[in-house]
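Scroll down for the structure; my scribbles are underneath it.
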Amino acid sequence: MELIKNWSNLYIEAGCDEVGRGCLSGPVVAAAVILDDDFKQNLVNDSKKLTFKTRMELDHYIKDNVKSYAIAELPPSFIDEHNILNASIHAMHRALDKLSITPELILVDGNKFHPYNYIPHQCIIKGDSKVLSIAAASILAKNYRDKLMIQLHEEHPEYGWDTNFGYATKKHQEALIKYGPTVHHRQSFRLKYD
């Protein structure tokens, strides 16, 4: 299915998505993307449907062929203090803050978002598999977060973050039981290690 390029031809649209909500460790990361008028890339889709290799190849194409993009992250301590939903929305707001162009309409993956700077927004369930700018944002956010988790794996290889990227795999849960949590773990999540 071909993704929708423009929700409305009347506005400068920014697609927004976040990744890392369901992880036990690492930050929540959000990206915002404003597509160029002639942006064409048939491979862009929901980041969860793409291989690691394809996502990484698309990363460069997206960054080189959009009007503006921005990425923001919030650490586990922020997630613990504000909860994952608020942290996810705040990360999207931060990504929007960093865009070099102010959007006139914000398209958000999912069904929850807090108003941002009086700019209208539209929540779209499964937006990352329906709208091109949201799909592009999902790819940038996921690539950024995956690379970060691979770097954190160097510090703590026992948790397998180079392959599970902080999600609750069996290996990750077994490492929590054996070694306990790190500063990169979300203390507010139900970590089963005792």
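Going from the start of the chain as shown, residues are counted 1 onward.
The backbone N, Cα and C atoms fix where each Cβ goes, glycine too.
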Per TrEMBL, ASP17, GLU18 bind divalent metal cation; matching candidate in ASP97, ASP109, ASP146:
ASP109
Count the other Cβ atoms sitting within 10 Å of the Cβ of ASP17 (divalent metal cation binding site), across every protein chain shown.
31
Starting from the Cβ centroid of ASP17, GLU18, ASP109, which together make up the recorded divalent metal cation site, report each further residue of the same chain whose Cβ lies within 8 Å of that point, ordered by sequence.
CYS16, VAL19, ALA30, ALA31, SER88, MET92, VAL108, GLY110, GLY127, ASP128, ILE134, ALA137, SER138, ALA141
Just to confirm: which same-chain residues, 6+ apart in sequence, have a Cβ under 8 Å from the Cβ of GLU18 (divalent metal cation binding site)?
VAL28, VAL29, ALA30, ALA31, SER88, ALA91, MET92, ASP109, ALA141
